[in-house]
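Heads up, the thing below is written out as structure tokens.
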Amino acid sequence: MQSMVILGATGSIGASTLSVIASNPETYSVYALVANTNVDKMMALCEQYRPKVAHMVDEQAAKSLQERLSPSLKIEVTTGESQLESIVTSSCVDTVMAAIVGAAGLVPTLAAVKAGKRVLLANKESLVMSGRLFIEEMKKSGAQVLPVDSEHNAIFQALPEPVQQEIGFCDLDEAGISHILLTGSGGPFLTSPLSSLPQMTPAQACKHPNWSMGRKISVDSASMMNKGLEYIEARWLFNASAEQLKVVIHPQSVIHSMVQYRDGSVIAQLGNPDMRTPIAHCMSYPQRINSGVEPLDFFKVGQLSFLEPDFTRFPCLALAIDACNQGQEATTILNAANEISVAAFLDNKIKFTDIAKVNETCLSQVAKQALNSIDDILALDVQTRTYASEWVNKI
């Protein structure tokens, strides 16, 4: 029986993970559920999955949950950073699903890595913000990190087994790999007139044509910043150079990514757009379990198409690739700026096209500094958020 902690239990990845657990009750148990403020959802999850611990990041939410949970469930309710670190590093825990969205997921995810846990990485911001430090800690502790994002999971599955065992410090060239082809649907605005983009609403941006996701990642998909963050994540996970990474627009979201080999072969991973597939793969690796996802029906798929990315339409993608080439300081700044600008857009404070403007301004104006520790990273994150918030208020 594999004991799991779900970071971000009330989010979409958390829900998909718990669905896979429910389909395989003889193999997995829930040690702890972690969420931010959603007490109602956490109540329902506690009653269904009976974890040993329920942790709320928000202190008031923890108090409310404690008052509402039946004592007969015998679930310990906790809050606070030190308590969260104790949960992910507990000897009772085998696997940590790292699915807290944004920079908030960095500290607990890194704590799990340092503790040598099996970490299922859905929080791409951890690598975007702390890439080199993250990989160094992973190598030092011997933690097994498996990529949950559908694209990175697809790449992982298309790699030779020896390369899979060297995530973070593999040699793609030695393995005969010429390119990693990172696919993306292009989101809901792929064919919208460029002149209409400033008028796009949060509701329109969140209406992804293929995937069901949270609001923040949906907006990132509309701007293709999500693909940009995945580009940065792929650089660290697969130790890839800029020459080895390519982004391919694939509107149908059937091919989740590809690996191109020196001999001309291209290996792709295909499947229905359902996050339970990569989650189940990571949970059971190197075995296979039932994910609950319907098999792909090739007769219904029809045509598969591919396009080069249009950087005029998707300036956030260009910013992310450029930041990746600049280095760790730039990607940390970009991530912080993007979280502020997307939140402002979702609150109807700025236009959709202002997201890229805020991000670009922060990249050019926030002073870059050496990042030698997690404290340095968090300090730059706070500094950038302050600058981005001030800039948002000027728009």
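Heads up, the Cβ atoms here are built off N, Cα and C, so glycines get one too.
Some features that Swiss-Prot has for this protein:
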BINDING   Thr10, Gly11, Ser12, Ile13, Asn38, Asn123, Glu125, Gly214  NADPH binding site
BINDING   Lys124, Ser150, Glu151, Ser185, His208, Ser221, Asn226, Lys227, Glu230  1-deoxy-D-xylulose 5-phosphate binding site
BINDING   Asp149, Glu151, Glu230  Mn(2+) binding site
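Positions of the features from Swiss-Prot, shown on the structure.
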| residue | record | CB count, 10 Å |
| --- | --- | --- |
| Thr10 | NADPH binding site | 22 |
| Gly11 | NADPH binding site | 23 |
| Ser12 | NADPH binding site | 19 |
| Ile13 | NADPH binding site | 28 |
| Asn38 | NADPH binding site | 17 |
| Asn123 | NADPH binding site | 28 |
| Lys124 | 1-deoxy-D-xylulose 5-phosphate binding site | 29 |
| Glu125 | NADPH binding site | 26 |
| Glu151 | 1-deoxy-D-xylulose 5-phosphate binding site | 27 |
| Gly214 | NADPH binding site | 15 |
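Using a 10 angstroms CA-CA radius around Asn123 (NADPH binding site), the binding-site residues that qualify from Asp149, Glu151, His208, Asn226 are Asp149.
The two recorded residues Gly11 (NADPH binding site) and Asp149 (Mn(2+) binding site) have their Cα atoms spaced 14 Å from each other.
Taking each of the binding-site residues Asp149, Glu230 in turn and counting other Cβ atoms within 10 Å of its Cβ gives the largest count for Glu230. Taking the C-alpha positions, the distance from Glu230 (1-deoxy-D-xylulose 5-phosphate binding site) to Thr10 (NADPH binding site) comes to 23 Å. Here the C-alpha separation of Glu151 (1-deoxy-D-xylulose 5-phosphate binding site) and Ile13 (NADPH binding site) works out to 15 Å. Annotated Mn(2+) site Asp149, Glu151, Glu230; additional same-chain residues within 8 Å of its Cβ mean position, judged by their own Cβ, are Lys124, Pro147, Ser150, His152, Asn153, Leu182, Asn226, Lys227, Glu233, Ala234, Ser257. When the Cα positions of Lys124, Ser150, Glu151, Ser185, His208, Ser221, Asn226, Lys227, Glu230 are compared pair by pair, the longest gap among these 1-deoxy-D-xylulose 5-phosphate-binding residues is 19 Å.
Checked against Ile13 (NADPH binding site) by C-alpha proximity, the binding-site residues Lys124, Asp149, His208 yield Asp149 as the nearest. Over all protein chains present, the Cβ of Asn226 (1-deoxy-D-xylulose 5-phosphate binding site) has 27 other Cβ atoms lying within 10 Å. The Cβ of His208 (1-deoxy-D-xylulose 5-phosphate binding site) has Ser185, Gly187, Pro188, Ser218, Ser221, Ala222 as same-chain neighbours under 8 Å, each 6 or more residues away in sequence. Under the three-state DSSP scheme, Glu230 (1-deoxy-D-xylulose 5-phosphate binding site) falls in the helix class.
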